[in-house]
Structures are given as structure tokens and as C-alpha cells.
Amino acid sequence: MSEANECLFCKIIAGEIPSNTVYEDDSTIAFSDIHPKAKVHVLIVPKKHYANVAELAEQDSHELSHMVGIAKSIADKEFHGAYRLIFNTGEDAGQSVFHVHAHVLTGEVMAE
Ligand code: 5GP
Ligand code: ZN
């Protein structure tokens, strides 16, 4: 697959599809989820295409820990450092975009 042509998040990273960007650096972007499941629902996405978190962990563990650091800084700003960090991995677990992304849910008290 030509990732830049076919992948939704590669298109957002390339600026071909608009997003509400809340953080960006050389390796990583974070933008609001289009269907928020919490008061603050941000997707943290490496700019390099990996299919899922397992692939990312094998190939670039530094980027994975960088994403966790970005999640913390978003939650520090939005909700005194409290947050949920979710990686849906595989279609049967609810993954619908096969470019690794962390869901950060924060900004309000979460139900169990
Ligand atoms: P997944 O289901 O793969 O874990 O998460 C994909 C997420 O991407 C979903 O929560 C969905 O709402 C979000 N999403 C899908 N299309 C778009 C889009 O065009 N823009 C943004 N900002 N989020 C999207
Ligand atoms: Zn991609």
C-alpha cells in the first residue's frame, strides 16, 4: 500500500485533510478526535507510519515513550495530570485506522 496515498492519518500529517492540531514536533502530531468520547479526546500520532503499537514498540520504542510524554503534558494542562491512554490494536479490538495512534481521554472524571 502507498501509505501517503491511502492512509487517513498520513493524509492528516501531510496537511491534505484538516485537523484541530493541539501539538506538533518533528516526529509526532496530536489532534482532536472527530468523534470525542470524553471532554478532551486527543489522538497522538507518530508521523512515520506504523500499523499498530506492537509494530511501533518493536521498531521505535523511543517514539512510544515520547507519545506517553505528550499524553502526560496534555493531561497536565487539561486535567491535573489524570488521563486514559488507549491503543486499540486489531480490528476486533476496535482499531479502525491502521496507523498507530494513542487515544488520550481527559478533561473530566471518568466512569469506571
Ligand atoms: P481507532 O478506532 O482506530 O482506535 O481510532 C480511530 C479514531 O479516529 C476514531 O476515534 C475516530 O473518531 C477518529 N477519526 C476518524 N476519522 C477522523 C478524521 O478524519 N479526523 C479526526 N480528527 N479523527 C478521525
Ligand atoms: Zn499512515
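We count from 1, first residue shown onward.
Yeah, the Cβs are placed from backbone N, Cα and C, and that goes for glycine too.
The active site, tele-AMP-histidine intermediate annotation in TrEMBL covers H101. Neighbour count (other Cβ atoms within 10 Å of the Cβ, all protein chains): 26 for H101 (active site, tele-AMP-histidine intermediate).
Per-residue pLDDT, averaged over the domain 'HIT' (8-112), rounds to 98. Under the heading domain 'HIT', TrEMBL lists 8-112.
The feature motif 'Histidine triad motif' is assigned by TrEMBL to 99-103. Helix, strand and coil counts under DSSP for the motif 'Histidine triad motif' (99-103) come to 0 helix, 2 strand, 3 coil.
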